[in-house]
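Chemist: Supplied in structure tokens, the structure appears directly below.
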Amino acid sequence: MDKVQKSGRIQQGQVNIRRLAVQALLTINRDGAYANIVLQQVLAEHQLSDVDRRFFTELVYGVVRRRNYLDAIIEALAKRPLRKLSSIVVEILRLGFYQLIYMDKVPDSAAVNESVKLAKKMARGLDGFVNGVLRNFLRNREAFSIDELAKSDVERLAFIYNQPIWLLEHWLAIYGEEKTIGLCVWFNERPRLTARINTLKNSISDTMVAIEKEGWHAVPTGKVPEAIYITKHRGSLESSPLVKEGLLTFSDEASMAVAYVVDPKEGERVLDCCAAPGGKTMHMAARMNNKGHIVADDIHEHKLGLMEMNAKRLGVTNVAFQLQDATRLPSEWGGSFDKVLVDAPCSGLGILQRKLDMRWHKSAESLTTLPILQLQILEQAAKAVKPGGVLVYSTCTINEAENEDVVTTFLASHQEFSLEDAAPFLPFEVTGPMITLWPQRDEMDGFFIARLRKQG
Ligand SMILES: C[S@@+](CC[C@H](N)C(=O)[O-])C[C@H]1O[C@@H](n2cnc3c(N)ncnc32)[C@H](O)[C@@H]1O
């Protein structure tokens, strides 16, 4: 957590949670770091009590989620665009308003006074401005309600559900209002802590006993046999022996569903050509009991090291990790894999609940370039499939242009492949042949999975 440390100066033992939150928010919003990674790093560095961990998490995630409405309030009160304000002051104000509007347990006086104290320490000379802006809000809260600030119906929805206007317009045009709101509500809910029991290390029942012994509580999700919701835990997740010793790994059920559709068997040769961070690779290795061989590729070198560490932790021994651009796979791989998985780079619009900050970084333009890359990777991966073998295409998005349209375009020029019904491979009820997992319907991340069979 270099950046937080650099701007930090926080001593262990006297941590001011709000200050820690402002520094984390600067790293996320100003420097472009991923919110979940910053949060994990800060929590790993500071031995916070459970109450402080929860408070810190709520402050950071709350501000990241509610950013558009909080910013509209700040601009209205400061009477200037955000970019004309110091980034530290912006984060202090976002945090102050978040507490005033969304945290009933924080008295208004504490939210204002603590923000002013932060400004005194972190933005010398601007504490009066922070004080004035927050107190002006308290004098006339109604003037800054969503109904007062929204300039259109879609902006009103954007403030209520905290999504960018372009994305709401896109969803409203395709799904209509009811389905769009259902999606938005899901994406704003606190994600459940879902983990996969690593059957390479221990049986499901023995792991459940180990979880209880650790003082945690978990329940099966009821859909994927190895999937559990952790409903109670203590301390940092990563430092628990359950995680360090590889009994558990964090992953959503929708992601686990992909390994079921690939259905790798012991002894088979499997290619996972967009593999990092390796969630599906490790799950496939477990389903193969480490027997057979998986080649796991990614285009980013730094991600390979992380995957190797993860494999060691989870006791995965049948994977070769390789730096490889999947748009140019080696010709000697042609026709040599029983199963090939393309878990394609995508817009990630199905996992906005877990990646809270992602909604603010996407654009309508970014959606149009992805299908070209996805099709390119699928074309290459198809060559690596043995006659009679299987090609699985998956994404963590619900965007049709990256899902059904890519598969349909691919099939139109590849008569040697046919679409199989993916539904019977899943341990829970869905409708195929191509599968879209809808968050608000299936209560998991939004995913797309298609299973194609090459002629024998
Ligand atoms: C959706 S993620 C894969 C997630 C992974 N399968 C898992 O379960 O953990 C897509 C991955 O594709 C990689 N990627 C992007 N472009 C690529 C390319 N041209 N060749 C290979 N990998 C690529 C990205 O680095 C990213 O790690």
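From the backbone N, Cα and C atoms, a Cβ is placed for every residue, glycine too.
Annotations per TrEMBL:
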type: DOMAIN; residues: 183-455; note: domain 'SAM-dependent MTase RsmB/NOP-type'
type: BINDING; residues: CYS274, ALA275, ALA276, PRO277, GLY278, GLY279, LYS280, ASP298, ASP325, ASP343; note: S-adenosyl-L-methionine binding site
type: ACT_SITE; residues: CYS396; note: active site, nucleophile
Chemist: I want to verify one value. Collapsing DSSP to three states, which class is LYS280 (S-adenosyl-L-methionine binding site)?
Modeler: helix
Chemist: How many Å lie between the Cα of LYS280 (S-adenosyl-L-methionine binding site) and the Cα of CYS396 (active site, nucleophile)?
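Modeler: Cα of LYS280 (S-adenosyl-L-methionine binding site) to Cα of CYS396 (active site, nucleophile) measures 12 Å after rounding.
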Chemist: Tell me, which binding-site residues from CYS274, ALA276, GLY278, ASP325 are within 10 Å of CYS396 (active site, nucleophile) if we use the C-alpha atoms?
Modeler: none
Chemist: Any idea what the model's mean pLDDT is for the domain 'SAM-dependent MTase RsmB/NOP-type' (183-455)?
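Modeler: 96, rounded to a whole number.
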Chemist: Please report the number of other Cβ atoms within 10 Å of the Cβ of CYS274 (S-adenosyl-L-methionine binding site).
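Modeler: For CYS274 (S-adenosyl-L-methionine binding site), the count of other Cβ atoms within 10 Å is 22.
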Chemist: Taking the Cβ of ASP325 (S-adenosyl-L-methionine binding site) as reference, which residues of that chain separated by at least 6 in sequence fall under 8 Å from it?
Modeler: ILE299
